[in-house]
Structure formats: structure tokens, C-alpha cells
Amino acid sequence: MKKFGIKDQIGYIFGDLAGSMVTTYVSMFFLTFCTYVLGISPQYMAGLFLFAKVWDAVNDPLIGSIPDKFMIGKSGDRFKPYIKLAMVPLALSVLICFADVSGWPMTSKQIWVAFAYLFYDLSYTGTSMPYGAMASVITDKPEERMKLSRARSLGGIAVGVLFMPIINMMVWNADHTPNVKNYFLVAAGAAVGSLIFYSIMLATSTERIKTPSSQKAKLAKDYSFKEVMRDALRNRPLFGIMLTTIGGLIGSSAAGTLSMYLYREYYHNPRIMSVSSLVSLPITMLCFFAVPKLAKKFGKKNIVLVGLGYNMIFSLCLYLFPIKDAMTYLILSNIASAGSLVFMILTWAFVTDVIDYQEFKTGRRADGTLYSIYTFSRKIGSSLSSTLMTFLLGVIGFVSGIPEQAPGVGDGIRTLVTLAPVLACVIQFIGMGLIYNLTREKTEVIHDELASRKASKEVV
């Protein structure tokens, strides 16, 4: 079997590109599509997002447990066959989400939107869970896992830097009205791109840590969902990473979702976001290359805490000192977000660490189930942000379907956008600084012990 190398990293980049083509578009534009195009109230959307998370609480761990219990296909791969099954429904879901049903009665539109979002949510779990858990079977070496984490973050960043600015130009007309037809055209492009990129990932990534065919039956027999969930409840680092992730997604989702409203209602220039990539690209690339080196020297946890402090102080300044020029704000907000990129780049290395920790403590490995539990925290973060910010849009007086908002709405949106990262950083400090307790030295001990256990089994 080929050694881990650049091919695996490129494949993993394409895997995140595939998922992010759909998920980033839905997370950033579904709410604006529903409020501006379909005329659905923010309060209804807030309720939908909240209900979806109740659905996820049951759905995610159950779906995540399937690869831990059942292996399908003849390749011996544990996670890739499940990605093949779910990638087509995910592509279909984005088309359903952005179908133009604006001519339907309001009740019919609300039912359609609820069905579309829940179908998307289920499909997203079906692809993201096996894709994320697959990192732990591509390699078991910490440095190589950090490279995979960096590769995955690059995929999502590339979509944000290259794909999202183009979307802003397409879905808004010159007179600041939504371009309904282009919303669906972009969805079609995202669906096709997702299928192509997933296919590349499946062809280039290698699952090296395999379960022999002779052990398939034993895998199903020995797996206990109840025991894994009980062990997870005792996994302190897992809860630390989950809370840190929830905080991070509250900040990033709020900024991503509300930026559409900010530039339209406060700056009256929604299309300016099309140039955001010119500002964010050099910042992103600097972090992309510097963060892994700093993490290796100072430890992942330490540099994440430094990044959070930087982000919180800068974001608080943006709130305290209002900026009237749209371009100036765009530049400064991107500089502020550099602090949040640190955790984003290292997220998946943290996740594999907490999976290793549970195996270290219990002797049982359940990549899929634990990853699905972690994925649920990501959905909680984005949903809490969407639910809270959507509700607050209504509180500050935003009304769907009208050409101009009342005076003061723009100022209210600016307050929401600038304070959301501050709240996010406070939550992340609690998760990473107080709850997460794996130091660099501790993770090295865990890795050595697991390697020793594996070697002893091979000898036997």
C-alpha cells in the first residue's frame, strides 16, 4: 500500500470542496433566498432551524454509528462506500432548497422550505460524517493528520474565497434586488461541482487502516451504540472541542448570514462582497502556512487561545467604533477574522485527537459515532447562530418582502454582525481554555500507547 503523501492531501481538499460547494451556499444564502425571494418571515425560519436541530439530535448519532457497525462493499474501505451513497442526495438537496416556488400560497411555501431544509440536513450528515471520520483511517500519525486537517480547511476556505464572491455578483441585481433565476443556476453549479469533487476525492484518497473482511461479522457483534454513547459522555476533550466549535460557528455563521443584510441595509452596497476574496486570500494563505508550524512549536491549544484573544479584541473595536465606509469595514473585518482561522485550520486534528483519547481510555474505537456526535455540535453552532440571528432580525424590525427597511434596521444589523464574534470568542475560551484538557505532551503519550497496542496485536 502506498505511503501517505500529497495525493491524499489533494484528495481530502477535493472532499471538502465537494461538501462546501453545497453546505456553504445553503448556510449563507438559504435564509436570504427565503426572506427576500419567497417572502417567508424570519420568525418562521428561526423555528425551522431550531426544529432541525431537534431532528439532528436523534438522527446524527444513529447515522454515524452505521459505519462502526456495518461495512459495505468489497473494497475493505470503511467510509468511502457511504460517501458514494449519500453524495447524490446532497447534490439534489441544494436544487430543492433554491427552487423558485414564490408563486405558491404561503402555507405551501413554508411546507416546501421545511421539507427542503430537512432533506438537505439529512443528506449533509450522510456525506460529512464518513468524510470526516475517514481521516482517522487514512493515517494514524499526528503530523500527517495535521496535514489532513490543513487540507480540509483549505477546501472550505477556497469555496469561501473563490466561489462565494461570484455568487454575490450573480444573486443580486444592480438595483439591489434579488436575481431569482440565478439563485437556482448557482445551486445547479454547486450540485454538479459537488459530484465531480467527491468523485475525485474517492479516487485519490486511500484508507490505510483497514478492518479485514474476516472481522466484519465481529465488528457488528462487538459494537454497542449504548456503550459508545456512555463513553462519549465521559470524554471531556470531546465536549471541549464541541463547545469551541459551537462558539466558532456562531461567529462565522452569523457573519456569513448577516453580511448579506449588512451590506444591503447598512452600506447599501451588497455587491461589494464580490471583492472580499481579494482581501481575504493573502490573510488566509498566511494562516494556512503559518498555523501548522506554530502549532508544532507551541502546541495546538496554545495558539488557538492566542488567536481567540486577537479576534475578540479586534471585533469589539469594530463594534465600539462604527465604520461608515463599506470597503474599509470589509478590509478590517477580514483582518479580524484571522484569529478565528487558527482554530478552523486545526479543527480536524483536534477531532482525531479526541477519538484517539476515547480509544485510549476505553480500548474501543468508534470513529463514525464519535465523529457524528462532533458533527452534531457543528450543526448546533450554525443553527444556534441562524436561529438567534434570524429571530433578532425580526426583533430589530426587519420585514421580509419590502423594498426598503425602516430607519434603524441597518444600525441594528451592524450591532448583530460586530458583536456575534465577541460572543463566539467567549464561548470558545470556555471550551478550549477550561474544558479541553489534552496538552501536546498528553496527545504524544496517547499516540505512543495506541501504536504499542496495535503492534502487540499484530504480533499475536
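Yeah, the Cβs are placed from backbone N, Cα and C, and that goes for glycine too.
Feature annotation from TrEMBL assigns transmembrane segment to 12-38, 85-105, 111-133, 154-171, 183-203, 238-260, 272-291, 303-321, 327-351, 384-403, 415-436.
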**Asked** Hey, which bits of the same chain come close to the transmembrane segment (183-203), Cβ under 8 Å, at least six residues off its ends?
**Response** 11-12, 14-15, 17-19, 21-22, 25, 29, 33, 37, 80, 83-84, 87-88, 90-92, 94-95, 97-100, 127, 131, 167, 170-171
**Request:** Could you pull out which residues elsewhere in the chain have a CB under 8 Å from any CB of the transmembrane segment (111-133), counting only those six or more residues past its ends?
**Result:** 15-16, 18-19, 22-23, 26, 30, 34, 38, 40, 45, 48-49, 51-52, 55-56, 59-60, 63-64, 67, 79-80, 82-83, 85-87, 89-90, 92-94, 96-97, 99, 101, 104, 198, 201, 348, 351, 367-368, 370-372, 374-375, 379
**Message:** Cβ pairs under 8 Å only, please: of the recorded stretches 85-105, 238-260, 272-291, 303-321, which one is richest in them relative to the transmembrane segment (384-403)?
**Reply:** 238-260
**Prompt:** Thinking of Cβ pairs under 8 Å, which stretch from 85-105, 154-171, 303-321, 327-351 has the most of them with the transmembrane segment (272-291)?
**Reply:** 327-351
**Chain residues in Cβ proximity to the transmembrane segment (154-171) (below 8 Å; excluding those fewer than six residues from its ends, i.e. six or more beyond)** = 12-21, 24-25, 28-29, 32-33, 178-179, 182-183, 185-186, 270-271, 273-277, 280-281, 284, 288, 341, 344
